[in-house]
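Annotated in Swiss-Prot:
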- 9-29: transmembrane segment (TRANSMEM)
- Lys142: active site, charge relay system (ACT_SITE)
- Met191, Ser217, Ile238, Gly239, Gly240, Ser241: substrate binding site (BINDING)
- Ser217: active site, charge relay system (ACT_SITE)
- Ser241: active site, acyl-ester intermediate (ACT_SITE)
- Ser241: phosphoserine (MOD_RES)
- 404-433: intramembrane segment (INTRAMEM)
Amino acid sequence: MVQEELWAAFSGPSGVALACCLVAAALALRWSSRRMARGAAARARQRQQAALETMDKAAQRFRLQNPDLDSEMLLALPLPQLVQKVRSGELSPEAVLFSYLQKAWEVNRGTNCVTTYLADCEAQLCQAPGQGLLYGVPVSLKECFSCKGHDSTLGLSRNQGTPAECDCVVVQVLKLQGAVPFVHTNVPQSMFSYDCSNPLFGQTTNPWMSSKSPGGSSGGEGALIAAGGSPLGLGTDIGGSIRFPSAFCGICGIKPTGNRISKSGLKGSVYGQVAVQLSVGPMARDVESLALCLRALLCEDMFRLDPTVPPLPFNEEVYASSRPLRVGYYETDNYTMPTPAMRRALLETKRSLEAAGHTLIPFLPANIPHALEALSTGGLFSDGGKRLLQNFEGDYVDSCLGDLISILRLPKWLKGLLAFMLRPLLPRLAGFLSSLRPRSAGKLWELQHEIEMYRHSVIAQWRALDLDVVLTPMLSPALDLNAPGKATGAVSYTLLYNCLDFPAGVVPVTTVTAEDEAQMEHYKGYFGDIWDKVVQKAMKRSVGLPVAVQCVALPWQEELCLRFMREVERLMAPGRQPS
């Protein structure tokens, strides 16, 4: 009866007019929301530019007042030596901060990695505790780290103009340890990408080659640190977001166990998803700097400010150990074919470790495709992407996200139909689509239990071989700009260890050679699908770019992971910076 009345109402001339009005209203609403998004982008760029001008003026003013300062010498110091010289009084905290301000401003001109200057850092110099482990150290922060009075936009219009009311716990701890947070750095829109672009601040580029991605989602950090604009940065990682920028930009980074470092007060685009753990971790030019940062963060202040974090101080004995290690390794996960440079990096590192007295044992976690598709992707999008999509209402979708948002917007039945039709020819794409379906509470509990059981099964595999650590390939070199969003499957080497919640870090070990480049012409991948084709195309013109390996340990063994990374660095690190 109701349907008949509705049909009658819309079938006459008045109904047609009403329908036209509804369509016009919808179009007007869409235009209005897009206009608001354009306005938000314009305001964000203006604030970014004003902040950078303030930053430059502050650095220039200090330079005029201190013409004899040797900034090049200061900027070249490894972080531990820098801290030592500041503590001894040989260098002043002011000289360090303003030297890095000037360098960060210069790096930003070539990479667009800085979103804002945290101008209160100048006043903080007077308040920094002189006994802190990071006394006088300028620290850059991924934009999601909340700082009082500053936006954390995540590249989304809806977050522009909403400054944080207080510092997140990690920023509070950094300040209590004497560090000086001085800039926020760029991220991909919503942080669900391993590229680095958004409609508010634009594209961040790789300091090694401007046509290449710096990685993401901590891409601004990777670019700034690699080019010498920051001695230490903090990022987050839920699928490789610390490890991709570190590998693409040729620096070191570690993703700790999910709850080793506090996440309290961080800005996110999706809250409540716990099946796949987010981690907070440091990024720097060398492993010793990562260790210094973890020493500083794993302190009583953090355990007091966030009692949900296990009170586990940094274990110096494990990190300082020099005993030979039993190292599991695999050349491929059989999901993403390693590039010639990746395979060579892995094998050269393996040989160097063996020559140094370590034992290398073949090892491959079981059932990786299922872990990546059903468990990891299923966990990340257990609501079908509904909460993530809410961030994009009335906003532009950045091209760095590829087709993710369009796919998430498809009806559930259409995703299922496409997955069924694609499975015989494109199994990875079919697995990805089928994992995006929304789940009931009961099905989500089943998924979380399955992830827990998978974690225990891999630990059992690991212990059956009596392994200390594992060495794996790391996706590298850097892909072309906008390519990561079209090569979703290539996250396999990193995403697995978010699903497992194992600490994992990356260390640069070599660079792409002309021979690697020539062999890449024959790269087909294991499946020949669009993801494989994008990887093959997006890694061309890469001679000289850094290539990394990944080092993994069991949960809560960050110190052992760092010890292994330090050994790899000692044996392999090429020790170059982008020009």
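Placed from the backbone N, Cα and C atoms, the Cβ positions cover glycine too.
Positions of the features from Swiss-Prot, shown on the structure.
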| residue | record | Cβ within 10 Å |
| --- | --- | --- |
| Lys142 | active site, charge relay system | 31 |
| Met191 | substrate binding site | 28 |
| Ser217 | substrate binding site | 33 |
| Ile238 | substrate binding site | 23 |
| Gly239 | substrate binding site | 26 |
| Gly240 | substrate binding site | 31 |
| Ser241 | substrate binding site | 34 |
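Note: the CA-CA distance between Ser217 (substrate binding site) and Lys142 (active site, charge relay system) rounds to 9 Å.
Sequence-distant contacts of the intramembrane segment (404-433) (same chain, six or more residues past either end, CB-CB distance under 8 Å): 192-193, 335, 369, 372-374, 377, 381, 384-385, 388-389, 392, 397, 485, 488-489, 527, 529-531. Distance from the CA of Lys142 (active site, charge relay system) to the CA of Gly240 (substrate binding site) is 14 Å. On a Cα basis, Lys142 (active site, charge relay system) lies 16 Å away from Gly239 (substrate binding site). Taking only the Cα positions, the spacing between Ile238 (substrate binding site) and Lys142 (active site, charge relay system) is 14 angstrom. Residues Met191, Ser217, Ile238, Gly239, Gly240, Ser241, recorded as contacting substrate, have a largest CA-CA distance of 11 Å. Highlighted in sequence order, Phe192, Ser193, Tyr194, Gly216, Ser218, Thr236, Asp237, Ile242, Phe244 have their Cβ within 8 Å of the centre of the Cβ atoms of Met191, Ser217, Ile238, Gly239, Gly240, Ser241, the residues recorded for substrate, and are not part of that set. Separation of the C-alpha atoms of Met191 (substrate binding site) and Lys142 (active site, charge relay system): 10 Å, rounded to the nearest whole number.
Here the Cα atom of Lys142 (active site, charge relay system) is found 11 Å from that of Ser241 (substrate binding site).
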